Amino acid sequence: MNNRVHQGHLARKRFGQNFLNDQFVIDSIVSAINPQKGQAMVEIGPGLAALTEPVGERLDQLTVIELDRDLAARLQTHPFLGPKLTIYQQDAMTMNFGELSEKIGQPLRVFGNLPYNISTPLMFHLFSYTDAIADMHFMLQKEVVNRLVAGPNSKAYGRLSVMAQYYCQVIPVLEVPPSAFTPPPKVDSAVVRLVPHTTMPYPVKDIRVLSRITTEAFNQRRKTIRNSLGNLFSVEVLTELGIDPALRAENISVAQYCQMANYLSENAPSKES
């Protein structure tokens with residue numbers, strides 16, 4: 001038997017499809033999401049409706065975004081879900097979640113078992129719409145969840161950690177073994193809750209500057225920041241900001257990265273003479 005076939009659908013590698021089939025895990029995720037009637041629930045990648053059905057049972061209306069044409073068609077003709085669904089057959093990376101929130105008339109509650117091959121870029125795409133999002137619940141590769149929640153001075157801490165924690169409170173929910181899927185992925189999975197900050201703990205004047213600093217620092221994470229960020233900050237400026245120039249990217253806190261970004265937004269890049 002082909003273990004890539006589930007409910008008559010062949011899982012497509014190019015879409016990173018792994019279908020959730022463990023009822024205990026499904027119930028645990030739906031309980032964590034706790035969908036309520038009247039909320040603007042949006043599912044990314046509903047697949048074979050493992051989460052769509054139990055969530056949809058609690059709602060009068062549900063928006064889903066599904067790239068796979070065949071799966072979108074199955075949902076359209078679903079016996080009890082069909083009439084409740086608004087289906088966008090497109091790549092979630094091209095979705096304007098701000099416009100969707102305006103159309104529905106309230107902040108979105110986004111959830112999904114995300115394809116692991118696009119999970120990180122999709123997270124960054126969603127971060128740009130946090131003003132339009134109430135919360136997010138995602139099944140991700142466990143390693144990605146570890147990176148999302150990681151703090152400074154750990155190997156998992158990186159650009160994704162900084163940017164996620166800048167935008168959101170990040171809360172791990174549960175771990176999921178490969179056996180909960182068809183076909184089983186080669187990695188462990190985990191569910192995470194992301195709640196956009198209503199008041200930013202570390203306000204930044206220009207998010208593009210924070211993005212640039214974290215990219216440059218973590219692209220050379222083994223270098224000290226006096227070297228990796230030497231084109232942006234002099235040793236004197238780092239010292240003035242209370243940041244040791246001998247630290248590496250993984251030693252700098254989210255608050256310190258935001259402090260550096262605000263300095264750079266207000267001052268032209270300076271170098272040690």
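Backbone N, Cα and C define each Cβ position, glycine as well.
Gly45 is the residue from Gly38, Gly45, Gly151 that Swiss-Prot records in the S-adenosyl-L-methionine site together with Asn18, Leu20, Glu66, Asp91, Asn113. Taken over all pairs of the listed S-adenosyl-L-methionine-binding residues (Asn18, Leu20, Gly45, Glu66, Asp91, Asn113), the Cα spread reaches a maximum of 20 Å, rounded to the nearest whole number. Most Cβ neighbours within 10 Å, among the binding-site residues Glu66, Asp91: Glu66 holds that distinction in the structure as shown.
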